[in-house]
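Student: In case it's useful when we look at the structure, here is the feature table from TrEMBL:
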type	residues	note
DOMAIN	12-144	domain 'MARVEL'
TRANSMEM	20-40	transmembrane segment
TRANSMEM	52-72	transmembrane segment
TRANSMEM	84-106	transmembrane segment
TRANSMEM	118-140	transmembrane segment
DOMAIN	151-302	domain 'MARVEL'
TRANSMEM	160-181	transmembrane segment
TRANSMEM	188-209	transmembrane segment
TRANSMEM	221-244	transmembrane segment
TRANSMEM	277-298	transmembrane segment
Amino acid sequence: MPTRASPPDYDDFWVGFWYFRLPELFSTCVAFSLVADMGFGRGDIGNWSMSIWCFCFTMTLIIVMVELWRLPSRFPFYWYNFPVTYACYAALVCLSTSIIYSITYVQFLLYGPSRDRAITATAFSCIASVVYALDVAWVWDWYDLDDISCYVHTLPGLLKVLETFVAGVIFAFLSNTSLYLHQPALEWCVAVYSICFILAAVVLLLNLGEREYRLPVPFPVFQLVLTTLSVLLYISALVLWPLYQFYEELGGQPQRSSDGDCRDELTYNMCKWDQRLAVVILTAINLPVYVADLVYWAHQVSVGTEDQPRDS
């Protein structure tokens, strides 16, 4: 099986730029600018959303400049892996930002210019997520990836993208350290999320950098061990986090009404109880993803899948 993408025709670069990259730059820039224009009234959620849109704009601009100056061949890894992977993450990030921003901020705004700006910013963020999703398909076609192995277009690759993405959203809620610093069991849960994220990120980087076959053990076995460890850790977090957050006997708050912050319907930030619940839901979402990953690699090891390096 060939391992290198067919050299792209740079005459087609402008097709992708006008139909995908320029709309991505425009939509993220508009979303960022509209929220920035709201001043101090945008709240913490607004600042977080701004940082996401600004990051997406910056990374897209970097990709455009690299491809415009024909620099992909100078990278020590196959460049096509990077824009495809980034577009996958950007689509998920922009979509999640649109949802979080709308349900935790926009709905509480009074009718007026600020609300109109927030709604428009959310709409442009949704547009960006759709364009990034289409960008994934375009990069696949532009680099002619039909006959080569592109990691994020495989089942384990997509599972790793989902694992790291959900963990990233969990970290966004855990930025409020008052949720867990008072209890060692909750600190353990934070350590679990961090460890599992690092393990998944290492696997992702090994594959994107074409270094997975330089390990001293077969790669499927390596994946199976790491995924098994991650599943066990996530199970412990799924048990401990709700126990110590919502059971009164262990110092938790079983009712949303017991959180004074949640009584203020005009708040522009998620109250602590909602943040605790969000972490539980995201943990419950990510655990089946890890289990699916575990089943895949257990099957690969059981059938004796050959783990040979790809030809250069």
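Even glycines carry a Cβ here, placed using N, Cα and C.
Tell me about the surroundings of these features in the structure.
Tutor: Mean pLDDT of the predicted structure over the domain 'MARVEL' (12-144): 84.
Long-range Cβ contacts of the transmembrane segment (52-72) within its own chain (Cβ-Cβ under 8 Å, at least 6 residues beyond either end) map to 10, 13, 17, 21, 24-25, 28-29, 31-32, 35, 79-80, 82-83, 86, 90, 93-94, 97, 125, 128, 132.
Residues 16, 19-21, 23-24, 27-28, 30-32, 34-35, 38, 46, 49, 53, 56, 80, 83-84, 87-88, 90-95, 97-98, 101-102, 105-106, 109, 146, 150, 153 of the same chain lie 6 or more positions beyond the ends of the transmembrane segment (118-140) yet place their CB under 8 Å from a CB of it.
Long-range contacts of the transmembrane segment (221-244) within its own chain (CB-CB distance under 8 A, at least 6 residues past either end) are made by residues 156, 163, 183, 185-186, 188-189, 192-193, 195-196, 199-200, 203, 215, 250-252, 276, 279-280, 283-284, 286-287, 290-291, 293-294, 297-298, 300-301.
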Student: Using a Cβ-Cβ cut-off of under 8 Å, list the residues of the same chain that are 6+ residues beyond the ends of the transmembrane segment (277-298) and lie near it.
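Tutor: Those are 155-156, 159-160, 162-163, 166-167, 169-170, 173-174, 179, 193, 196, 220, 223-224, 227-228, 230-231, 234-235, 237-238, 241-242, 245, 270, in sequence order.
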Student: As a test: from 20-40, 160-181, 188-209, pick the stretch that has the greatest number of Cβ pairs under 8 Å with the transmembrane segment (84-106).
Tutor: 160-181
Student: Which sequence positions outside the transmembrane segment (160-181), separated from its termini by at least 6 residues, show Cβ-Cβ distances below 8 Å to it?
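Tutor: Sequence-remote neighbours of the transmembrane segment (160-181) are 48, 85, 88-89, 92-93, 96, 152, 187, 189-190, 193, 196-197, 200-201, 203-204, 207, 230, 245, 270, 272, 275-276, 278-279, 282-283, 285-286, 289-290, 293.
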